[in-house]
Amino acid sequence: MPSRMEEPLRYKFGPYKIDAREVFHATPLTYAMVNLRPLLPGSRFADLSSDETSDLWVTAKEVGAKLEQYHKASSITFAIQDGPQAGQTVAHVHIHVIPRKKGDFEKNDEIYDAIDVKEKEMKEKLDLDVERKDRSMEEMAHEATEYRALFS
């Protein structure tokens with residue numbers, strides 16, 4: 001049996017594997033990663049236990065506060081797309097934690113259209129079993145390393 005050092009720790013996002021280098025904060029029930037932030041097993045929000053729901057939101061709160069400060073933002077958008085008609089493209093509960101600044105969108109609610117576009121792009125890339133080309137693992141690992149320092 002390989003030791004942890006021989007086999008890199010992996011996380012799951014629905015049916016997809018997430019490299020541990022993308023993860024910048026973890027609790028026993030939740031983890032935060034670059035691009036797609038706090039997430040838990042389970043395809044729908046109602047599937048989560050009370051402990052998982054609590055841990056998810058406490059983690060989102062902590063991550064949001066750190067990222068708002070790090071990005072010198074003035075607000076945070078927390079978004080869950082729960083089910084396919086709500087725009088959920090990966091059958092996995094996750095919260096988008098997005099630092100916001102004044103004027104980042106012409107109309108404030110355009111953020112939801114932007115989330116929809118990114119979710120669809122990601123699903124297409126994952127469904128085609130194609131590596132995410134928009135950012136390299138090195139770029140994501142570097143960002144996760146910077147964010148990880150916020151929780152030290």
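Glycine is no exception: its Cβ is also placed from the backbone N, Cα and C atoms.
Features of the protein shown, as given by TrEMBL:
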type	residues	note
ACT_SITE	H94	active site, tele-AMP-histidine intermediate
BINDING	N35, Q81, G87, Q88, T89, V90, H96	substrate binding site
DOMAIN	43-107	domain 'HIT'
MOTIF	92-96	motif 'Histidine triad motif'
SITE	Y112	site 'Important for induction of apoptosis'
Rounded Cα separation (Å) that holds between Q88 (substrate binding site) and the residue listed as 'active site, tele-AMP-histidine intermediate': 9
Neighbour tally for V90 (substrate binding site), based on other Cβ positions within 10 Å of its Cβ: 19
Pairwise Cα distance for G87 (substrate binding site)/Y112 (site 'Important for induction of apoptosis') [Å, integer]: 10
H94 (active site, tele-AMP-histidine intermediate) and Q81 (substrate binding site), Cα-Cα, nearest whole angstrom: 8
Site with most surrounding Cβ atoms, counting all protein chains shown within 10 Å, from the recorded positions Q81, H94, H96, Y112: H94
Y112 (site 'Important for induction of apoptosis') and H96 (substrate binding site), Cα-Cα, nearest whole angstrom: 10
